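> Quick paste of what Swiss-Prot says about this protein:
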| type | residues | note |
| --- | --- | --- |
| BINDING | Arg96, Glu161, Phe208, Ser209, Gln210, Ala211, Glu212, Glu430, Pro431, Ser432, Phe433, Gly434 | substrate binding site |
| BINDING | 193-195, 203-208, 319-320, 434-437 | ATP binding site |
Amino acid sequence: MDRYEQVTELARRRGFMWPSFELYGGAAGFYDYGPLGARLKRRIEDIWRRFFVIGEGFAEIECPTIGIEEVFRASGHLSGFSDPLTECKECKEIYRADHLIKHIVEVPDALSAEEIYRMIKENDITCPECGGELSEVYEFNLMFRTAIGPGNRHPGYLRPETAQGMFINFQRLLRYYRDSLPFGAVQIGRSYRNEISPRQGVIRLREFSQAEAEVFIDPRNKQHPRFSEVKDLRLRLYSREAQERGQVEEMSVGEAVERGIIAHEILAYFVARTYEYLLAVGVDRERLRFRQHKADEMAHYAADCWDAEVLLDRLGWIEIVGIADRTDYDLRSHMALSKANLSVFVHYPEPVRRKRVAVKPDMKVLGPRFKGRAKAIADALQAMSVADLKGDTIKITVDGETYEIERRLVSVEEIEEEIRGEYVVPHVIEPSFGIDRILYTVLEHSYHEEPVEDEMRVVLRFLPGISPIDVAILPLMDKDELVEPARRIFDEFRRCGMLAEFDTSGSIGRRYRRNDEIGTPYCITVDYQTLEDGTVTVRDRDTMQQIRIEADRAVDIIRDLMSGALCFSEAGMPVKS
C-alpha cells in the first residue's frame with residue numbers, strides 16, 4: 001500500500017472524505033467531506049481569509065455558480081475552455097490525451113490536438129485498459145451546460161472558475177473602493193469542470209472549491225508598497241531557464257525580481273504570500289516549489305504566471321495554486337461585449353499642462369443645419385486628426401450615414417490645457433487556490449507512521465490551528481465520578497469557542513491512537529488524581545509526552561499551546577512514563 005492509499009483509506013475510515021453517491025455506485029469526480037474533512041476544509045479556508053481578507057484588506061463577495069452565456073462568451077470559455085480527448089476504438093474508454101504522454105513531455109498542455117495525436121502514434125501508445133488503438137485527438141469543452149428557465153432560449157453554464165463574478169462586478173467594486181486603484185476582491189466557492197477522466201481522488205474533481213483573489217492595479221505601476229516585508233523570503237523557484245537545466249534554484253524574492261525571473265514586485269509579492277499561506281496550513285516546505293509557465297504554455301494575454309506545485313507520493317508534482325499577471329485581458333474582453341466602461345480615471349500627483357491641436361467645428365452653422373444630429377457629427381469631426389482634414393470637403397460617417405462637411409466649417413487651433421489624470425484599464429493579478437488539492441496535500445504531508453510498542457502508530461501531524469479537533473477530553477474510565485468532571489471541562493472548552501471532542505469508548509491507549517490518527521494535538525485525561533488535587537494530564541500528540549496541569553486552567557493553557565505562546569515542556573509538571 002503506497003502513501004496515497006494509506007491517506008485515502010484513513011480519510012474514509014476516520015470521516016475526512018469519501019466518494020459521493022456511494023449508495024448508488026458513485027460517480028467519478030465527486031467527493032463528500034465528512035465531519036472531520038468539513039472542519040479541516042473550513043479551517044484551511046478561514047486561514048486563507050486571514051491572509052487575503054484581513055491581511056490584504058480585500059473585499060469578499062459571493063456570486064451565483066450559474067452564469068449566463070454572454071459571460072463565458074466574453075471570457076473565452078465558450079470557445080477555448082477545452083481539454084484534448086481520445087477514445088479507445090475497442091473498449092470505448094475515454095482518456096485525456098495529454099495525460100497519456102506525460103512520461104514523454106514534461107508539460108504537454110502547450111501541444112495542439114494534432115501534435116498530441118502524432119506523439120501517441122510515434123510512441124505506439126495504446127489504450128491503458130485493453131491495449132486497443134486510440135482515436136484521433138479532439139477538443140472537448142469542459143463546461144456544464146444548463147438552461148435558465150423553461151425551454152432552451154436562455155442557455156447558462158455552471159461556472160468553471162469564481163473569477164468571472166469579480167470581473168462582472170468591477171464597476172460596483174470600484175465604487176466600493178472610492179474609485180481608486182489598487183484594490184482586490186476575493187471569492188471562495190464551488191466551480192465546475194466536466195473533466196474527461198477524473199481518476200485521482202480530490203486532486204481532479206468535476207465539482208471543486210476555489211479561493212481566488214483578483215487584484216486590480218494601475219498598469220503603469222507594478223511596484224508593491226509592502227514588498228520589503230517579503231523580499232528576503234527564500235523560495236524554491238523552477239523558472240523557465242531552470243526547467244531547461246532540470247534543476248530548481250533557491251533564492252530570495254528580492255533577487256528573483258532583480259534578475260527578472262519574476263516579472264515585477266506585485267506578482268512576486270503574491271508568490272511570497274502564497275508561500276507563507278501554504279506553510280501556515282501545513283504544506284511541507286521541502287516538497288513545495290514554484291514553477292514558471294513556459295512561453296508556449298502561458299496564455300497569450302498573460303505577462304507572467306507561476307504555479308505553486310507540491311510533491312505527492314504517487315502523483316508527483318501537482319499544481320495547487322496559480323499566480324498570474326493576466327494584464328487587462330479580462331476587463332477589455334467584457335468591455336468589448338457588454339459595451340460598458342470598465343476603465344478607471346487615475347489622478348496625477350500634480351496636474352500637468354500640455355499643448356495639443358484641437359479640431360473645432362463651427363456649431364453656429366452645423367447646429368441649425370443638422371439639428372439633433374449636430375452633436376454626433378461634431379464629435380466625429382473632433383475625433384479626426386489634422387491629417388484627415390484635406391480638400392474642400394470632409395466625409396464622415398455617423399450611425400451608418402455619410403455626411404459631407406465643407407472644410408471651411410472646421411478650424412484647427414493649438415490649445416493649452418490642464419491634465420489632471422488619465423483613464424486606464426486596470427491589469428489583474430490573480431492568485432487562484434485549489435482548496436481540495438491543498439486539503440489533500442495537507443493530509444499527505446502530515447501523515448506519519450512510527451513503530452511504538454510492537455505496533456505501527458499512525459499520526460496526522462497537523463499544525464495546531466489546522467487540526468479539525470483542538471483537544472480531546474478523555475475520562476480514564478467510563479465511570480460517573482470521572483465522566484462528570486470531564487464533562488465540565490469539555491463544556492468549558494465549547495463555551496470558549498474551541499473544537500473539543502468527548503470520548504469514553506475503549507481503553508485510554510486506544511483513544512490516544514484514535515486521536516493521533518485524526519490529528520488531535522492534545523488529549524486531556526481526567527483520572528482519579530483529578531478527584532484528589534484538581535489536576536489533569538495533557539498528552540502531546542507528536543512527542544506522546546504528558547504533563548499535569550490544574551483543570552481550572554486547561555482552556556487557557558491549551559489555547560496558549562496552540563498559539564505558540566507556551567512551550568509544552570514548560571506548561572506543567574512532567575509525568576513520568
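Backbone N, Cα and C atoms are what each Cβ position is placed from, and that goes for glycine too.
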> Test of understanding: give the count of other CB atoms lying within 10 angstroms of the CB of Glu195 (ATP binding site).
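Here the count is 19.
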> Would you identify which of the binding-site residues Phe208, Phe433 has the most other C-beta atoms lying within 10 angstroms of its C-beta?
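Comparing the binding-site residues Phe208, Phe433, the most crowded Cβ belongs to Phe433.
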> Using C-alpha atoms, which one of the binding-site residues Arg193, Glu195, Arg204, Arg206, Ile320 comes nearest to Phe433 (substrate binding site)?
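Checking each of Arg193, Glu195, Arg204, Arg206, Ile320 against Phe433 (substrate binding site), the shortest Cα distance is to Ile320.
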> Calculate the distance in Å between the alpha carbons (Cα) of Glu195 (ATP binding site) and Glu212 (substrate binding site), and round it to a whole number.
20
> Run through the Cβ atoms and count how many others sit within 10 Å of the one on Arg193 (ATP binding site).
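If we count other Cβ atoms within 10 Å of Arg193 (ATP binding site), we arrive at 22.
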> Counting distance between Cα atoms, which of the binding-site residues Arg96, Glu212, Pro431 is nearest Arg206 (ATP binding site)?
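Looking at Cα distances from Arg206 (ATP binding site), the smallest one goes to Arg96.
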> May I ask for the distance between Arg96 (substrate binding site) and Arg204 (ATP binding site), taken between their Cα atoms and rounded to an integer number of Å?
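On Cα coordinates alone, these residues lie 12 Å apart.
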> Nearest to Ile435 (ATP binding site) in three-dimensional space, by Cα, is which of the binding-site residues Phe208, Gln210, Glu212?
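That would be Gln210, the closest of Phe208, Gln210, Glu212 to Ile435 (ATP binding site).
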